[in-house]
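*Asks:* I have a structure here, written as structure tokens, and I will follow up with some questions on it.
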Amino acid sequence: MASPALLMRVVASAYTVAEKAATIVRNVMAAGDLGIVDKTGDNDLQTKADRLVQMSICASLAQKFPKVTIIGEEELSTDEVTEELIEDGQCEEILKKTCPAQYAGIKEEELVIWVDPLDGTKEYTEGLLDHVTVLIGIAYEGKAIAGVINQPYYNYEAGADAVLGRTIWGVLGIGAFGFQLTEAPAGKHIVVTTRSHSSTLVNDCISALNPDSVIRVGGAGNKIIQLIEGKASAYVFASPGCKKWDTCAPEAILHAVGGKITDIHGNSFQYNKEVKHMNSAGVLATLRNYDYYASRIPNTVKQSLVP
């Protein structure tokens with residue numbers, strides 16, 4: 001039997017690496033010392049979990065795929081990575097899937113992996129554990145083509161015996177797995193947006209959409225999960241602040257199930273390694289009915305956000 005294509009091996013590794021990351025996230029929380037560092041201001045925190053998880057993900061993937069470009073949120077060297085942070089396994093279920101033909105010939109040096117070791121750090125420090133995700137996005141020719149989202153605390157409110165955590169993964173042309181795809185209630189306009197980075201612009205944009213309800217939660221990964229599980233019909237963030245590592249994995253999963261994500265102007269995100277990290281023109285994402293929301297973004301908002 002032919003060995004699995006590179007892309008499938010990378011995704012299969014990213015899956016087990018994300019599960020390892022979730023264990024680290026839970027262990028840091030359980031040990032009680034989050035080791036919080038304030039990077040730039042009170043909404044830009046970094047914890048011991050951010051640091052350990054990024055070292056674990058980047059070192060594990062770099063060891064297996066040395067020519068892949070890996071870009072992580074935290075500025076860290078991988079020199080001091082200890083052996084217990086390395087995850088060498090691969091998800092067998094993913095290796096069994098057939099790689100889509102258009103990606104079958106990809107070489108290592110053509111892939112860029114965008115890593116957010118702990119998306120929703122602020123929520124993590126505040127105990128809003130279901131907001132937290134680990135994001136590993138895989139890009140080729142500037143496009144997000146595969147992604148892994150791990151929710152370390154999925155199910156944490158289900159009681160002491162609950163199995164914690166889940167891993168969602170997707171590849172364009174194959175689909176997305178690890179959750180139940182559900183559409184938001186028809187005819188309802190439920191907007192999910194930022195919890196901790198609100199502004200007049202963010203709120204003006206949302207009121208222009210005239211939503212039935214607004215959900216404010218942390219983490220880009222978590223917001224995309226709200227869309228694919230039918231809890232929200234649009235994710236709208238009319239502000240800079242979101243970065244490429246926030247959107248790459250969620251974009252791949254959303255696109256794999258037929259959704260759409262762009263900036264506020266309708267431009268696609270680019271994920272080649274030279275690209276600037278900030279998504280400076282905000283985010284607009286839906287599972288269905290993208291055009292409805294895109295057509296209602298006010299010009300004043302668009303003029304305020306330069307791509």
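FYI, residue positions are counted from 1 along the chain as it appears here.
Using N, Cα and C of the backbone, Cβ positions are placed for all residues, glycine too.
Pulled from TrEMBL, these are the listed features:
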| type | residues | note |
| --- | --- | --- |
| BINDING | Glu73, Asp116, Leu118, Asp119, Asp246 | Mg(2+) binding site |
*Asks:* Select one residue from Glu73, Asp116: among these binding-site residues, choose the one with the most other Cβ atoms within 10 Å of its Cβ.
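*Replies:* Output for this query is Asp116.
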*Asks:* Once Glu73, Asp116, Leu118, Asp119, Asp246 are set aside, which residues in the chain still have Cβ within 8 Å of the Cβ centroid of the Mg(2+) site?
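*Replies:* Here the non-site neighbours turn out to be Asp50, Val115, Pro117, Gly120, Thr121, Thr133, Val134, Leu135, Gly219, Ala220, Gly221, Lys243, Trp245.
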*Asks:* Under 8 Å between C-beta atoms and at least six apart in sequence, can you list the same-chain neighbours of Asp246 (Mg(2+) binding site), or say none if there are none?
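*Replies:* Spatial neighbours, sequence-distant, of Asp246 (Mg(2+) binding site): Asp116, Asp119, Leu135, Ala220, Gly221, Asn279.
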*Asks:* Just to be sure I understand the packing, how many Cβ atoms besides its own are within 10 Å of the Cβ of Leu118 (Mg(2+) binding site)?
*Replies:* 30
